[in-house]
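If you look up TrEMBL, you'll see 269 marked as active site, nucleophile. Residues or ranges marked as NAD(+) binding site in TrEMBL: 30, 84, 122, 159, 272, 335. For 156, 157, 158, 159, 213, 258, 259, 260, 261, 262, 266, 328, the entry in TrEMBL reads substrate binding site. Summarising the annotation, TrEMBL assigns domain 'UDP-glucose/GDP-mannose dehydrogenase C-terminal' to 321-420.
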Ligand SMILES: NC(=O)C1=CN([C@@H]2O[C@H](COP(=O)(O)OP(=O)(O)OC[C@H]3O[C@@H](n4cnc5c(N)ncnc54)[C@H](O)[C@@H]3O)[C@@H](O)[C@H]2O)C=CC1
Ligand SMILES: O=C(O)[C@H]1O[C@H](OP(=O)(O)OP(=O)(O)OC[C@H]2O[C@@H](n3ccc(=O)[nH]c3=O)[C@H](O)[C@@H]2O)[C@H](O)[C@@H](O)[C@@H]1O
């Protein structure tokens, strides 16, 4: 099968390289020439474990990138993996998807054979039917469901483990409203995965598929906020929230994953997607109180971390180390990282900030050029009057005598990664 993927970011590059590895011929389309050149040169345009080896094998060969949308006409199926950012009020901005749909429509206008367009991006329920399909129809002069098909196939991969998540998924959701030709084509695309892992393929409607993606992210984000809420209660009463989480996780109905309490969730999707579905609900006249509370709890965790620091150190004029800047370990992505409100709060307190992250420091320097960045955790801690831990990089778990070089060894751990030990004043956020 010849597959095209529009957009070569975290999702687009990952799925394009994986589709090539599954045996398909792949064409990637992106407007950014540097991204296109990188792929054709065999280099992944983003930092993602396991992606470089795939792109180096297939890039420029079985996986070809181009800025020319016309290349889509020679393919059998096109996945739209374009960004869906949010407006200031939190609602989804579909303008890039609309531009992409128009270009795809124009590209298939003169194609005689059936073509399938698949919405891979996260879009609020109704977007594919009400917004994207009419654009595809008018740009192509064709009729959806007859001359070409439109399906929704949301993606559940995580940054940092994207290749493994895509290659061994828990489920594949396909929204076609029972369109047989679309289902057959998608079945062919995913056949190698389904056969290898016996992956459940969930066939549903397009709107349902769109909503499943938001429900998935909303549920996971809320699960973390709920354990943070419980963790905050635990902290008030000297209870260890991690022991509580371990025990409740043994209940199959709860499950042990996504129960790590701390400074909260960030990243490119949980904040954006919870905001978008909340706003979409409000547009329909429904106030989604659980989700609003999940966001509120999340927004407060960084300040709670700093309140704990305030209990031990007056940060004004003091050197304070920030350990971890990425929104989670394994990535250099700082989008909505909890480190951002933590740094802002420390600046408000007049602290002299020295930050460290193994891979995300240069990204954060773009956002906060005025603070100091250390080459190592040890250098950040040296002479500091306090340290806050924001990302659970493994290396922070091995820190020990590095704390002895602090002017005042106060450690406020937002991720339960530092070993509590004699000689340091240790505060866990929820334990
Ligand atoms: N990042 C993640 O882990 C996940 C993201 N998603 C969803 O997937 C979608 C894509 O997200 P990311 O891959 O993170 O985006 P991204 O921001 O990493 O990459 C988007 C790519 O699209 C390109 N682009 C922009 N406008 C274009 C146009 N008109 N034509 C062609 N290319 C264009 C950009 O140059 C960039 O390379 C979003 O809806 C997101 O919510 C879903 C699951 C996981
Ligand atoms: O739609 C998306 O983009 C993706 O969003 C998340 O993936 P991702 O944002 O890459 O990262 P996660 O591993 O889910 O972590 C999100 C945030 O939650 C935090 N988290 C996670 C788990 C936990 O127990 N506690 C906790 O605070 C992490 O530190 C991080 O800041 C989802 O897990 C993916 O399934 C989804 O495809």
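Glycine too: its Cβ is placed from the backbone N, Cα and C atoms.
Because TrEMBL annotations are produced automatically, they should be read as predictions rather than curated entries.
Everything TrEMBL records as a feature, shown here on the structure.
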{"residue": "30", "record": "NAD(+) binding site", "DSSP (3 states)": "coil"}
{"residue": "84", "record": "NAD(+) binding site", "DSSP (3 states)": "coil"}
{"residue": "156", "record": "substrate binding site", "DSSP (3 states)": "coil"}
{"residue": "213", "record": "substrate binding site", "DSSP (3 states)": "helix"}
{"residue": "259", "record": "substrate binding site", "DSSP (3 states)": "coil"}
{"residue": "266", "record": "substrate binding site", "DSSP (3 states)": "coil"}
{"residue": "335", "record": "NAD(+) binding site", "DSSP (3 states)": "coil"}
Annotated binding-site residues 30, 156, 261, 335, filtered by Cβ under 6 Å to ligand 2: 156
Integer mean pLDDT for the domain 'UDP-glucose/GDP-mannose dehydrogenase C-terminal' (321-420): 97
Neighbouring C-beta atoms (10 Å sphere around the C-beta of residue 158 (substrate binding site)): 16
Contacting binding-site residues for ligand 1, chosen from 84, 213, 259, 261, 266, 335 when the Cβ sits under 6 angstroms of any of its atoms: 84
Top Cα neighbour of residue 84 (NAD(+) binding site) in the set of binding-site residues 158, 213, 259, 261: 213
DSSP-derived structure type at residue 122 (NAD(+) binding site), helix or strand or else coil: coil
Cα-Cα distance linking residue 156 (substrate binding site) and residue 272 (NAD(+) binding site), given in Å to the nearest integer: 15
Rounded to the nearest Å - Cα separation of residue 259 (substrate binding site) and residue 335 (NAD(+) binding site): 22
